[in-house]
Amino acid sequence: MEFSSPSREECPKPSGRVSIMAGSLTGLLLLQAVSWASGARPCIPKSFGYSSVVCVCNATYCDSFDPPTFPALGTFSRYESTRSGRRMELSMGTIQANHTGTGLLLTLQPEQKFQKVKGFGGAMTDAAALNILALSPPAQNLLLKSYFSEEGIGYNIIRVPMASCDFSIRTYTYADTPDDFQLHNFSLPEEDTKLKIPLIHRALQLAQRPVSLLASPWTSPTWLKTNGAVNGKGSLKGQPGDIYHQTWARYFVKFLDAYAEHKLQFWAVTAENEPSAGLLSGYPFQCLGFTPEHQRDFIARDLGPTLANSTHHNVRLLMLDDQRLLLPHWAKVVLTDPEAAKYVHGIAVHWYLDFLAPAKATLGETHRLFPNTMLFASEACVGSKFWEQSVRLGSWDRGMQYSHSIITNLLYHVVGWTDWNLALNPEGGPNWVRNFVDSPIIVDITKDTFYKQPMFYHLGHFSKFIPEGSQRVGLVASQKNDLDAVALMHPDGSAVVVVLNRSSKDVPLTIKDPAVGFLETISPGYSIHTYLWRRQ
């Protein structure tokens, strides 16, 4: 498929919200509009002058959805979001026995099986927790429901920073007493006990699906570091296998122990958030530098054995947790060493330099070399680059950047995709170094209101409809086109296809499933759709 450039931001034209049938569908297929059912509430749109709208939520109202609908055999569900203001609106269609369309044909190839999906989610940073808890309790609950419940978009991944990061309001670790090599003074501060942990428990209670927790450290205690500071160029003192590295490895176990005391178990930890950052002079916020060779030896001699010999031996270890530009080199260094490789379950990647690193040459090549090591996208956000505005309320372009990234990652063997902060304030913070960025949910505490951005719904087109255990399958286009598309099978054998149109042109479209027939539809300009149907 060919990828078109993202559109220039323009102010939206108001759209009616009564029927979801686009006028351009006439003559192809009349998709039957589905009225808002008892559990579903429509978006209350608000424009801030960017290319689309946000949906406004407060203590008494928030848009919501019914659980995903799999209609009777021979029909399909279609969920639509558009730049003009539709937000995951449901319609139903009939699967045709014969192909009558003349446009693009996407053919499902269920016999071509690829990776199984782990899931989708976001990070419970200190900043996210502060913003959520600044709302009134009813508004807090609606925000958490929006992300984690069946009424929302069904997140099943939460990334948790181990101690502070830039999205904290102070710098701290869990062991700031100098030379405490036995970690006797290791303790969780109120950021964990009063903010993150209670919110994570509330999210787990709301979720219908099992939620997996992923932990990542930004910096070690400063007394373990060569530069004696949380930020800037610095790595662990000494060499792998020594007291500094062993202490840092045991810090991971102490963290897992402490959260277990609060009845929270982790699916995975990453060896270090962005290990390349701590190799850069003047790096502005929390970091800990590792070269690939240093990470290899730390995993082989310290972190891997320490986790394996602890009560947390089932916790998965993910390497890298940095830009995919570093692949496949970083993977080659670590995974060609059998002592390190035996402890590594997966490779975590961040999205920030993706424009410099084609997916095929990085993700694709890494999968070719190490097909049994999973790839997992662990962090993404927009607004972080110096030329970008931090927050653009209602930006459709930023939503398209998310869904384009998710589809590309899925097409190159990645098993999950994790957003950064679950919620930020209108400035894009708080952040102790003022590294403000955007978020799918922006909280305005002055109004006890939060805004669900296009990014939220673009993510929802995947997270709500692709449960853990779904498997990507083949999908072949009949001609070059400007759409991004991916197909998956649910564990029960039903099908899901997500189609993103980043161009201004409407694209007539047929999806062919050899088992059931043809789905005649259209992909309007600047839209994203999720299609669901039963195959038996």
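Every residue, even glycine, has its Cβ placed from backbone N, Cα and C.
The Cβ neighbour count for GLU274 (active site, proton donor), using a 10 Å radius over every protein chain in view, is 25. Reduced to three states, the DSSP call for GLU274 (active site, proton donor) is coil. What Swiss-Prot records for GLU274 is active site, proton donor, and it gives similarity to another entry as the kind of evidence.
Note on GLU379 (active site, nucleophile): other Cβ atoms within 10 Å of its Cβ, all shown chains, come to 24. Residues or ranges marked as active site, nucleophile by Swiss-Prot on the basis of similarity to another entry: GLU379.
Positions annotated as disulfide bond by Swiss-Prot: CYS43-CYS55 (among others). Using a 10 Å radius centred on the Cβ of CYS55 (disulfide bond) and all shown protein chains, the other Cβ atoms total 24.
Among the features that Swiss-Prot reports, disulfide bond is placed at CYS57-CYS62 (among others), with the record citing similarity to another entry. DSSP assigns CYS57 (disulfide bond) to a strand in the three-state reduction.
Non-local neighbourhood of ASN58 (N-linked glycosylation site): ALA139, LEU142, LYS447, ASP448, THR449, PHE450, each in the same chain, at least six residues away, with C-beta under 8 Å from its C-beta. Look at Swiss-Prot and you will find ASN58 (among others) tagged as N-linked glycosylation site.
Of all the Cβ atoms in the protein chains shown, 6 others lie within 10 Å of the Cβ of ASN98 (N-linked glycosylation site). The N-linked glycosylation site annotation in Swiss-Prot covers ASN98 (among others) and is backed by sequence analysis.
Sequence annotations record features per position, and here Swiss-Prot assigns N-linked glycosylation site to ASN185 (among others) based on sequence analysis. The Cβ neighbour count for ASN185 (N-linked glycosylation site), using a 10 Å radius over every protein chain in view, is 11. Reduced to three states, the DSSP call for ASN185 (N-linked glycosylation site) is coil.
Under the DSSP three-state reduction, ASN309 (N-linked glycosylation site) is assigned to coil, being neither helix nor strand. Per Swiss-Prot, the feature N-linked glycosylation site maps to ASN309 (among others); the stated evidence is sequence analysis.
Taken from Swiss-Prot, the feature N-linked glycosylation site covers ASN501 (among others), and the record attributes it to sequence analysis. Residues near ASN501 (N-linked glycosylation site) in space but far in sequence (CB under 8 A, at least 6 apart, same chain), listed by position: ASP482, LEU483, VAL507, SER523, PRO524, GLY525, TYR526, SER527, ILE528. In the three-state DSSP scheme, ASN501 (N-linked glycosylation site) is classed as strand.
Annotation comment: Swiss-Prot describes 1-39 as signal peptide, evidence class similarity to another entry.
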When the Cα of GLU379 (active site, nucleophile) is compared with the Cα of each of the recorded positions CYS43, CYS57, ASN98, GLU274, ASN309, which one is closest?
-> GLU274
Considering the disulfide-bonded residues CYS43, CYS57, CYS62, which residue's Cβ sits among the greatest number of other Cβ atoms within 10 Å?
-> CYS57
Integer Cα-Cα distance in angstrom, ASN185 (N-linked glycosylation site) to ASN98 (N-linked glycosylation site) | 70
Taking just the CA atoms, what is the gap between CYS57 (disulfide bond) and CYS43 (disulfide bond) in Å?
-> 9
State the count of C-beta atoms found within 10 angstroms of the C-beta of ASN309 (N-linked glycosylation site), not counting that atom itself.
-> 10
